[in-house]
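Some features that TrEMBL has for this protein:
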{"type": "DOMAIN", "residues": "59-160", "note": "domain 'Cytochrome c'"}
{"type": "BINDING", "residues": "81, 84, 85", "note": "heme c 1 binding site"}
{"type": "DOMAIN", "residues": "215-349", "note": "domain 'Cytochrome c'"}
{"type": "BINDING", "residues": "235, 238, 239", "note": "heme c 2 binding site"}
């Protein structure tokens, strides 16, 4: 892993040093992209962080969308980013582990791509600090797309369409890996979700549910918030509440999956044994579309996830203090509160996210 990260860092510096500088401008025909924030995100957490060296543009987003769905970036041109991050899976993969171009399986579940612009680290282990750096990795990962950046860039440069598209997006037809990553990052920042029944309820709009289902959703939300002493799931510490509509703290926790670790998670990146077994908190949005669950896809259903937090917690040296009911195996939800919690989790399903035409293949 450390060797892979070192090689990636070298490639980033190498390609950056070789590329021609440019200054996007209105005179060059580049149009600023106006982000259409869902109301709940705009009102509760405000705009995402956009890098000053990669402003959002209409042309950049469209280029990124085309690249995201194009097999050209993989070694044998059989896979695209969308192969493991499909729209109907909430831009994730419904397989436990994704299969690379040579038929090899990865070792982690493909994370859904939702509301990414507010995060400071990416991947389950946080090894990339920006979306741009994240976009570089799958192409050269030997299990995933198994390509080299020089080869990928050469294919793009030789294509009939891409030099023109890069010229429109970045005022240069000289393609490099940095510009590819910037375009992909721009597209991924548009993948915003905030129109689930729960969101509509708090906007004072019809949810599409019956009155009884609305009531169960809200009761389930209170189960989500309440601690175990009160019969709740004690979920909000890591997954937020209505004031954090991302429904993730974007931090790293050991949530009691294992006593011993075959995957060190964040610890493998930081080298700190206190980080062993910690993984990034995933969003709870669109869980119905993004099974299986956890970093290793061990749980096929939401019922199994609730089972884990109810009575399946396992203690270890780095277990998160928030898992304070580990001595009892978990929060011990009763059947009624389990059902209510499930109703709330389902209410975070935003079907418009997976059908949005601007997110589909061009």
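Positions of Cβ are set from backbone N, Cα and C atoms, glycine also.
Distribution of TrEMBL features across the structure.
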{"residue": "81", "record": "heme c 1 binding site", "CB count, 10 Å": "25"}
{"residue": "84", "record": "heme c 1 binding site", "CB count, 10 Å": "23"}
{"residue": "85", "record": "heme c 1 binding site", "CB count, 10 Å": "21"}
{"residue": "235", "record": "heme c 2 binding site", "CB count, 10 Å": "24"}
{"residue": "238", "record": "heme c 2 binding site", "CB count, 10 Å": "20"}
{"residue": "239", "record": "heme c 2 binding site", "CB count, 10 Å": "20"}
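One way to see the shell of the heme c 2 site is to take the Cβ centroid of 235, 238, 239; the remaining same-chain residues with a Cβ within 8 Å of it are 224, 236, 237, 240, 247, 248, 249, 281, 284. Under the DSSP three-state reduction, residue 235 (heme c 2 binding site) is assigned to coil, being neither helix nor strand. Counting residues of the domain 'Cytochrome c' (59-160) by DSSP class, helix then strand then coil, yields 43 helix, 6 strand, 53 coil. For residue 239 (heme c 2 binding site), the nearest neighbour among the listed binding-site residues (81, 84, 85), judged by C-alpha distance, is 85. Within the model, the domain 'Cytochrome c' (215-349) carries an average pLDDT of 98.
Under DSSP, the residues of the domain 'Cytochrome c' (215-349) split into helix, strand and coil as follows: 54 helix, 8 strand, 73 coil.
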